[in-house]
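*Asks:* Take a look at this one; I'll ask things after.
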Amino acid sequence: MNEEQRKAGTINILAERDRKAEKDYSKYFEQVYQPPSLKEAKKRGKQEVQYNRDFHIDEKYKGMGKGRTFLIKTYGCQMNAHDTEVMAGILNALGYSATSDINEADVILINTCAIRENAENKVFSEIGNLKHLKKERPDCLIGVCGCMSQEESVVNKILKSYQNVDMVFGTHNIHHLPEILEEAYLSKAMVVEVWSKEGDIIENLPKVRDGHIKAWVNIMYGCDKFCTYCIVPFTRGKERSRRPEDIIDEVRELAREGYQEITLLGQNVNSYGKDIEGLDYELGDLLEDISKIDIPRVRFTTSHPWDFTDRMIEVIAKGGNIVPHIHLPVQSGNNQVLKIMGRKYTRESYLDLVSRIKEAIPNVALTTDIIVGYPNETEEQFEETLSLYDDVQFEHAYTYLYSQRDGTPAAKMKDNVPLEVKKERLQRLNKKVGIYSQQAMSQYEGKIVTVLCEGSSKKDENVLAGYTDKNKLVNFKGPRESIGKLVDVKIDEAKQYSLNGTFIQEHQRSMVTQ
C-alpha cells in the first residue's frame, strides 16, 4: 500500500476543547471511522506492501524540541516497548531530551495496550491523573498512542472526558510523529490522526534502545489469526513481514555494537515470510541465517502453535545462539473451548507438537499462556486444561482471567462464568504453575549456569541479577564489571520463580563465524 492509498484510510479529528460533551462524536470525524469489525477485517486481501528505506525527518522539524523534554509511559507487550524506542528516537532527532520526571516533561506520550480491560483502565486512570498537570502547565503536550487509539470507543471516551489530551495517534503512523506534534503545537484543538488500515513498512527509523545489553528486533507486524477473544488483528493490522536482508543487517549492526541478546518480535512470528511474494523463506530460515551472526543469544516471540514448523524445530535443535526456550501459548486444554477461541489446533495436535519439540530438543524449556473462564467454559473443560498442564509440565505460564474486548466475536458471547468461579479456577491453575516452576528450578541447585547479567536486583542494590538462556532469573553477588556480560554462576538455592547463586567467573564463549 503506497502513501496515496494510505491517505484514503486516514482519520483526522479536530475536537474543540471547550465544546460541551455530546453523545454522538461522529460529527468530529472528517471521514467515516469504522470500528473494529471481524467481517470487514477478514475481507482484507493481499496487498503489495511497500518498503520505505528512505525515512528522514524534514529539515523544518529539526530543532522543534530544542530546550524541550519528553517522557513516554509504556503499557503492554514487547512490541509496544519497541514502538516506544522508535518514538524516543524520533523525538531525539527533533531535538527533545528524555526526562524521567513527568512534572517537567514538555511532551508526555502514553503508549497504550488494548489486550485486556484492566490495561485500558490503568491507562484512563493515568490520563486522568494528568489533568492537574495540564492545568498547571498548559503548554505541555499530552498524547495517547498505541493499540487503544485504534478503537473508536476509546477515541470517543477521550473526546468526551479527557480534554487534557492534545493528540491521539495509532500504531500505523508513528513515523508521522513530527507532523502530529507540529499540528498539536499550532492547533488549539485536540488532534487525532488514526490510520484505520496498516501502512507501508518503514525502515531506518531512529531508535533509542533501552540499554546496551538486550535489543528488540521487529521482524513482522500484524496478525491474521483472528482468535475470537483478541483485538490485536484490528489494532495492529494484517500480517506484513520485513525483508530478510533488512532484519539481518539490523542484527549484524547490533552485534557490532556489542549487544549480547536480541529478541525477534512479531504478533505471530511463526507466520514470518508467508506474505512476501516470490520468496520461499520462513522463520526457520531466518533463525538459521541469524545463528551465523556473532551475537550470544537469540530469542523469538510470540509463537502460534498452528504455524510452528518442523523446520523451526530443526534449526533450534542445532543449538548455537538460538536459545532452548520456546513460549508456546496454548490458552486452553479443551478442544471445544479451543474451537470457540478460533485457535485452529486441537489438544491432540498441540501435544503432538510438544512431543516433537521435546524429542528434537531434550533440554528445551516450554512456557505458555492460558485464559481461564472463557464464555461457557465448564468445570470439566477447565480440568482438561489442568491435565494438559500435567502432560506438558510447562516451566512457567502467564495466566489470565478472560477479559471481554469490544469489537471481538467473543464480546457477542455471554460472559456466563461467574467471577468467583473464574478466580477459584485461576487460583487452582496458579498453584499448579508454582509446583512445576519449583520442579524446573530445583534441577539447577548445585549446578553452574551461564547468566546474562543485566544490572542490580530490584530488591537489593548490592545483588546482581540476570537471566539464563532458558529465561530463569538468577540473583547473585559479584563484581559490578559483570553487568552487560555473560558470567558463570553456581546455583546455591532454587526458589519457586528465581535462583540464588555465587559468581564464579566471566563466561568464556567461542566466536560465531559467518
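Glycine is no exception: its Cβ is also placed from the backbone N, Cα and C atoms.
Small disclaimer: the values here were computed from a predicted structure and weren't measured.
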*Asks:* If I go by Swiss-Prot, which of CYS113, CYS223 binds [4Fe-4S] cluster 1 at the same site as CYS77, CYS147?
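*Replies:* That [4Fe-4S] cluster 1 site, as Swiss-Prot gives it, pairs CYS77, CYS147 with CYS113.
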*Asks:* In the same chain, outside CYS77, CYS113, CYS147, whose C-beta lies within 8 angstroms of the Cβ mean position for the [4Fe-4S] cluster 1 site?
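*Replies:* These residues sit around the [4Fe-4S] cluster 1 site: TYR75, GLY76, MET79, ASN80, THR112, ALA114, ILE115, ALA119, GLY146, VAL232, THR235.
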*Asks:* May I have the list of same-chain residues other than CYS223, CYS227, CYS230 whose Cβ is within 8 Å of the Cβ centroid of the recorded [4Fe-4S] cluster 2 site, in sequence order?
*Replies:* LYS225, PHE226, TYR229, ILE231, VAL232, PRO233, GLN267, ASN268, GLY342
*Asks:* How many helix, strand and coil residues does the domain 'TRAM' (442-505) contain under DSSP?
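*Replies:* DSSP composition of the domain 'TRAM' (442-505): 4 helix, 34 strand, 26 coil.
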*Asks:* Using the alpha carbons only, what distance in Å do you get between CYS223 ([4Fe-4S] cluster 2 binding site) and CYS147 ([4Fe-4S] cluster 1 binding site) once rounded?
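*Replies:* The Cα atom of CYS223 ([4Fe-4S] cluster 2 binding site) is 13 Å away from the Cα atom of CYS147 ([4Fe-4S] cluster 1 binding site).
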*Asks:* Summarise the model confidence on the domain 'MTTase N-terminal' (68-186) as a single mean pLDDT, whole number.
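*Replies:* Mean pLDDT for the domain 'MTTase N-terminal' (68-186): 94.
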